[in-house]
Amino acid sequence: MRVLGIDPGTATLGWGVIDHLGSSAHAIDFGALTTPSGAADHERLKMLFDGLNALLDTLEPDAAAVEKLYFGQNSRTAMVVGQARGIVLLVLAQHGVPYVEMSPAEVKQAVTGYGRAEKRQVQLMVQRLLGLSTYPRPDDAADALAIAICGAEHIRFQKSSGVL
């Protein structure tokens, strides 16, 4: 099963694709879509829309995993990232790609065994779990691969339960 992990963001949207077979997984590709800081919000969202469409056309995932928003009390950041997340969900729906969502703590727990793991610990475990020679860069792509790993397990469980 090919799973696309997405770490939503307006300035940088991390993505990572894995092939998950039974208890093993390997990275197919990963990276980040970036938008210029000086661009208007609607222009940045259009860039993300176009970039995600191109990614899905090329990588043809069977399913996707998207990180849930968590920003505490920073409502401006939450609103802007929420808009990017809306673009992600729209593009997935247009391509007929089912998705699951998980919190950052769920992803950390699944990948490292500790829900409050440091970013470096997550990167190291992603590197090990996927058999990469170095940890993935940029950080947003490493996060997206962790989301894909966690999401693959959620999706496998949901499929076996008849939910997805």
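Backbone N, Cα and C atoms are what each Cβ position is placed from, and that goes for glycine too.
Please treat TrEMBL annotations as automatic predictions, because they have not gone through curation.
Now, the feature entries from TrEMBL:
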- Asp7: active site (ACT_SITE)
- Asp7, Asp140: Mg(2+) 1 binding site (BINDING)
- Glu67: active site (ACT_SITE)
- Glu67: Mg(2+) 2 binding site (BINDING)
- Asp140: active site (ACT_SITE)
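Cα of Glu67 (active site) to Cα of Asp7 (active site): a span of 6 Å.
Straight-line distance linking the Cα atoms of Asp7 (active site) and Asp140 (Mg(2+) 1 binding site), rounded to a whole number, equals 6 Å.
Within the same chain, residues at least six positions away from Asp140 (Mg(2+) 1 binding site) with a Cβ under 8 Å of its Cβ are Asp7, Gly9, Thr12, Leu13, Gly14, Ala32. Other Cβ atoms within 10 Å of the Cβ of Asp7 (active site) number 27 in total over all chains. In the three-state DSSP scheme, Asp140 (Mg(2+) 1 binding site) is classed as helix. Classification of Glu67 (active site) by DSSP places it within a strand.
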